[in-house]
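Taken from TrEMBL, the feature transmembrane segment applies to 20-41, 286-308, 332-358, 378-406, 426-449, 677-699, 726-745, 757-778. If you look up TrEMBL, you'll see 21-245, 436-627 marked as domain 'MacB-like periplasmic core'. Per TrEMBL, domain 'ABC3 transporter permease C-terminal' is recorded for 292-404, 678-786.
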Amino acid sequence: MLRNYFKIALRNLQRHRTYAMINILGLALGITCSILIFAMIKYHLSFDTFHTKADRIYRMVTEFHGEEMGYSQGVPAPAGKAFREDFTFAEQVARVTAFHDALISIPSSKTNKKFEEEAGVAFTEPQYFDILDFPFLEGDKKNALTQPNSAVITHKLADKYFPGENAIGKVIRFDNKLDFKITGILQDLPPNTDRRHEIFLSYSNLKDQSKFLAADDSWGGVYSDLQCFVLLKPGVTEATVEKALPGMSKKYYKGRDAAEFQFRLQPIADIHFNPNMDGYVEKKNLWALTWIGIFLIITACVNFVNLATAQALNRSKEVGVRKVLGSQPAQLFWQFISETALISFVAILIAYLLANLALPYVNGLFESQLSINVFQDIYLSGFLFILLGVVIFLSGSYPGLVLAGFQPILALKGKISQKHVGGFSLRRILVVAQFAISQALIIGTIVIANQMRYSKESDLGFTKESVVMLPVPVSDKVKMNTLRTRLSEISGVNNVSFCFQAPAATSNNNTDIRYDNRPEEEKFAINRKDADYQYVATFGLKLVAGRNLFPSDTAREFLVNETFVKKLSLKAPQDVIGKPISVNGDHQKGIIVGVVNDFYNYSFRTDISPICIMSVSDMYNNCAVKIHPANIKSTLASMEKVWNETYPEYVYSHSFLDEKIAEFYALDDIMLQLIQAFAGIAIFIGCLGLYGLVSFMAAQKTKEIGIRKVLGATTGHVLWLFGKEFVRLIAIAFVIAAPLAWWVMNSWLQDFKYKVAIGPDIFGIAIGFTVLIATLTVSYRSVKVALMNPTRSLRSE
């Protein structure tokens, strides 16, 4: 019986090839998107869940309870040690301090091979490998980093640095000044971890790189790349520890700081998703993709239902004959379900192929390693099986019930009409649903695109164009001065400044502040910028009061921004000039000599911070070069030549500041591209269904159109006959889609402190574009009917 069902189903599909192809293509596109979305969601949900003790692994983070709530993924340098000594909750505690864009050289090589490692290095306590599951291929993880000047690297880097050799016992040099002996080789990191460092150096050597970051008595500064991981003992809950953490603040902070600097635990599985902690992707974005996938499947199924119920009129006599010959309604129902199953199965096979063809593009877009293989992924196999059942049910149930319900006498007499298949009412509802989804996606695309354009093109309060950032070693100040002098002599160079970071950066150094010798620190934390006297000119900052820093960094002077003044509730920027301040737990003290304009120190998702610019040359690890926009290529070549002559032992690398700032919105750009693609696919699927419906209507109205043309109807009248119904339905869809899209996108915009408005022009573009596409689709098919000679259509009747 089942075999016979499918044999008849195959014949029917061959007889109605056009409609079958439309259904298969529509379903295949919808299912392709769903497969890709499933793979993306599964990939992101798997991040750092492979650790065997993942349910007990946490990262300690800092909350700033001042006038506004603030967060940092980092902690003060002594926090990890204090947690280890003061509490008995932890099985293991490990501190990790990262340095990005690291220079690694191999002193034993004849050519002193040099490598620029973008992922950088991490000064790590040995307990780190007891907490996280990064297997050792060689070496003992218990002792690998216990001794000073020891290092652990991945197998990939071992092959890169010492091809064909055993890397254990070999020496690598970091930043051209610190030598480390390799004591362990790690298995290469899995793709689904946010812990991307591949070079781990003994934490005991951190003081040789940065005394500031290694200071175990400095509680005032919080550097985002100085992190602490904790493995709780079995049975100890997160809530129990968090009740005790305020006691640590009270013990090590004085006065107001004890309440303002609070520590929290962040589950390791939450790091990938928490936007407050620089997580990679927000869970609400994954939910958005989930709903988009569901809507695309619904859109494809709507096509199927619409065309199937429309075709039911043509199959009425077939059904009548079958019923007269003894077929039961249930048999007719399952006959149609078998046709639906065959179409759905073919669509899934095509979708699986298309998804694999699209996978390299998606992986390149996300910089991920998604995989789609039903033979190796039981979850994907289960998803496709469930999806097949859902599609068959959604697409086949109603048309099957309609066909099975035909009365045989009426069917054989050819008196089955629109009212017997639900008239136009159901199809109207389904078309409205299709175009409501499409218009909502179009509105979302426009809003995201407008916000991205606003974020990237707005005045940030500083110059980001034509600014080149060069990572520099901090060990030789004489060479730094030489580099400044030589770079300044290049005709295409306007200014040169040494600094810790640009005005806007992904990693931030937040610290406390005491103003005007007040007995307590202020309620707000400041964003600390270490930079020289050329910082203002290089980045185009404007002095609104006072003067710039002096060239010498021996006299401790400070610049602050306008927000700093506002936070102190002072009336004018001049009021802070000459006032003493101390930062980082009184470690740096000096006088405010100037106030600069406000500038964005991170993305538009955060408020402008109170900022303090100070000249501490030990913190300079970047050289910012403002170049003339003309002849950039020759200027960069001259800069590289100067660098190689000044630092022959270092690798030259540069980046453009505007490109780095654009990376703040990299995930939003990815979401924009995905929604654009999905909106396009939703519209295309809707147009496929529209084309099929118009084709069916044209076949049904052949005689009517012929009579109208004989009575004087023009081609335009005929086109309007076909199009007016769909224009009305699109308008109804817009009424549904517009408020829904406004609500969703307004919620999305709440993440931004500085955002665009959702104006009426956005909705006008959405409905205008949809009407245009639908009109072109309807016209393409209906114009053939409109131009047909009426004598032919009447003769055919």
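Here the Cβ of each residue, glycine as well, is placed from N, Cα and C on the backbone.
With DSSP classes pooled into helix, strand and coil, the tally for the domain 'ABC3 transporter permease C-terminal' (678-786) is 94 helix, 0 strand, 15 coil. If one looks beyond the transmembrane segment (20-41) by at least 6 residues along the same chain, the residues whose Cβ comes under 8 Å of a Cβ in the stretch are 13-14, 286, 289-290, 292-294, 296-297, 299-301, 303-304, 307-308, 343-344, 346-348, 350-352, 354-355, 358-359, 362, 366, 368, 370-372, 380, 383-384, 387, 391, 395, 678, 681, 684-685, 688-689, 691-692. When pLDDT values are averaged over the domain 'MacB-like periplasmic core' (21-245), the model yields 89.
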